[in-house]
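**Q** Input: one structure, supplied below.
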Amino acid sequence: MELLELSLLLLVLLFALLGTGLWISMSLAAIGWIAMATVHPEPGPFLASAMWESTGSWTLAALPMFVWMGEILFRTKLSEELFNGLAPWVRRIPGGLLHVNILACGIFGSVSGSSAATSATVAKIALPELRKRGYDDDVSIGSLATSGTLGILIPPSIIMVVYAVAAEVSIIRIFIAGCLPGLVVMALFSGYIAVWAMLNPHKQPPPEPRLSFGGKMRASAQLIPCALLIIATIGSMFVGWATATEAAAFGVAGSLILAAVTGMLTWESFLDSLKGATRLSCMILFILAGAAFLSKAMALTGIPGALAAGVAALDLGPYGVIALLAVVYVVLGTALDGVSMIVLTTSIVIPIVQHAGFDLVWFGIFIVLLVEIAEITPPVGFNLFVMQTMTGKEQGEVARASLPFFAMLVLTIVLITLFPQTLVTGLGDWLLAR
Amino acid sequence: MLRRALDALYIASAGLASLCLFGIFAMMMAQVGMREAGLQLVGADDLTTYLCVATAFFALAHTFRRGELIRVNMVFSLVGPAGKRVLEGMALSLAVIVVGTIVWYTAADVLFSYEIEDVAQGTIAFPLWVPKLAMPIGAGTLLIAILDEAVRVLRGEIPNYVLEAEARAARGDFSAEV
Amino acid sequence: ATTTWQMATAYPDGNFHTKNIVTFLSDLKTATGGRLEVQLHSNASLLPMPQIKRGVQQGQVQLGEILLSAFGNEDPFFEVDGIPQLVTTFAQAKRLADLARPYIEARFQRQGVSLLYMVPWPPSGFYTPNPVATIENLRGTRMRTYNTMTNRFATAVGAAPTLVQSAEVAQAFATGIVNAMVTSAATGVDTQAWDYVKVFTPIGFTFTRNAVFVQRRALEALSAADQAAVRAAAATAETRGWAAAEAAKSSAQATLASHGMTVSEPTPELLAGMDRVSASMVDEWLTRTGEDGQKLIAAYRAGA
Ligand code: NA
Ligand code: NA
């Protein structure tokens, strides 16, 4: 009971601090300090180690690279080309170019390991184009905030690596397991957009001019540079030149070459892209640092463990356990970042999950989907932060715009729970048994 | 004079951060290239992580002043100019406490690493106090920037980070600023 | 009054080291009549490995567990168990551990911490796509390395030392960035090595140890009786841990084989080649340790 009271008090305090307009990273650190002070005489050294560990990590180094890649591409004609190339093909589907958000996030997700970086990269390209063409702002923003989370569901994925290490499961297996659920999420997002478009015809922009098949092909030729770039980034991994992290640097190199070849690379645009990437990376890393300190405080108070242990004590069936865990993770995910959610809870949750008869690779995908949800639930959700910065809108507005897509993620969780073998673990078994 | 010196400090620090971000890229490409040539860039993994830390901390002051460190503005949009001033004062005071604490303890951390001769565990035994210096220096510059803004608010002016954010909003060009 | 300590380890709960710690901590509680309770933070949830030793020194936590040889850059005595093929059996490993213990404890004492017990990892072996018949087979491979000692070993056998983070090992094997690594059978099981590599050659290689240690100030704050109880429980944990390591060795190799990996016993030629490399690496280690190192190695060889 005492822990429950403390957690509620901390939650109220967090909202109060955020409400005064204290910067989010600093609010997290402040709450971390208060939480830790209840159990430890000296929070200071933990604050310093959190700052050091969370901003300096080899796998995390991919994040500034992918952010920079997005900044470079934003200063090229690639965004226009991507839209011109995809526009003729989705023109007649209800929802039109909004589907490009989903496709582009899926494609970028297959080179990026981070949700926020995917969201930032694609939104930077897509948002101005959608606004120019008069698409509904809410659906644009919601779909971009949410499909950015495909970055951690479609491999490679920093979150999956963290889980695989914490739960002692094969990284390759969990990467492969993310592929089909990734496609399911894309299909559901696109499905929602199509249904919404049919129900709201007055909110649709005028249709794009009709093109002949030849015209469509000519327009699609503009996709070639983008395809080459993605092939170069993934290819650098497949031919054994680069690790998943280094592939991010290949993405930057490819983008620079692309910009140079198309005559868009000037000294000024190079510096602008570098400075922009530095600021966005700084913002994300500093929030990670605040969250890392809060996570340490949580570990010392034992609050996340107590929450998970409460689940075990209820003696529900397998589906009951999964449903309750989902609720717990959604609650934790409002305030914690994905890495912390996983690191703090696995040691308590893994035995519960195994006891309920679920496969640990499957549970990894389940947890990644919940981390995706955490990315779009206030007050702490990185994709919300990215879209806030990008649109100048309030967090509440972005979160509301993301709500329908949140529902699609929940639906995906239901689907993978009903069909674990088909959707999650089957592909890996089949590929690795060959 | 002081104004120019402070602005130069923020810009120089951000420039250093950008250089570090470029360093991450250069380090990774060099590592790949040398590996293909059968060579090894010794200590590259550790150096990359140090550059990551430096990118994050050295860019803080500049990112803060441009209004690109994220915060929740919901309450601000509900109150008038006087209320905004009170809220900004509160937020900045709290920020001084939090960032001051970060400066203090990261500096203590550097000192402790120096005293116990803390070294990296990888292929090169880098003395850790050197890369760790980025934390108190970067956070210290942020603290100066926060005090700088606090002085503006005390004088009754609108903080720079609000002006910059509003200017970007007025240009209708949010995306270019991320 | 109840004293509550915090303990940090970087290893997950399923690991035999962590299981041993859990038993050790419950023994502590019983032996002190509930006067000492320890909250364990496993899986690097509170501190990652590089931060654990300094965390105990500084009093962030009172108890910690580290892979001792990872701290070889700090003092070469911490990585004497990382010299390849210096010991090849559990009995030899135990003898070296006992001989090295006073040197390690002396260094720990200077740093304000005190050694409680040490438990080895099961011996290591080569993970390769093809069988390794002689040490020449390793020449020209891209060998995964992660610290100074493995780097030196790769260079000594003519392999290209290739830095790969543990999280990226599977992908690095699958795409050919590396095609050889040397680690324990237990780690192979933890990372499901059968997904990316075919042959395991158990050669012994190293019996690196995890060390569990306590902040001296915290220990000395306990009553004499409770301090003695801590030491006694630590001694029991050490015995239990060595038995667990031996059990882990056979079970881990069996697990590798059951997933279709070839566990191929080393040839005499390979072992002879390893001995040559080992001798040169011992000499290199001695150049860094001076007189104390000479004494330790001489004492170890005298008992052989
Ligand atoms: Na991804
Ligand atoms: Na959230």
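Sequential numbering from 1, following the chain as shown.
Glycine is no exception: its Cβ is also placed from the backbone N, Cα and C atoms.
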**Q** TrEMBL lists transmembrane segment for one of the ranges A:91-115, A:141-165; which is that range?
**A** A:141-165
**Q** In TrEMBL, which of the ranges A:21-38, A:57-74 has the transmembrane segment annotation?
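**A** My reading of TrEMBL: the transmembrane segment range is A:57-74.
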**Q** Report yes or no: does the transmembrane segment (A:279-300) come within contact of the transmembrane segment (A:247-267), defined as 3 or more CB pairs under 8 Å with a sequence separation of 6 or more?
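**A** Answer no: the transmembrane segment (A:279-300) and the transmembrane segment (A:247-267) share fewer than 3 Cβ pairs below 8 Å.
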**Q** Other than its close neighbours in sequence, what residues sit by the transmembrane segment (A:57-74), given a CB gap under 8 Å and a spacing of at least six beyond its ends?
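**A** Cβ under 8 Å, 6 or more out: 111-114, 116-118, 120-122, 124-125, 158, 161, 244-245, 247-249, 251-252, 255-256, 258-259, 270, 272-274, 276-278, 280-281, 284-285, 288.
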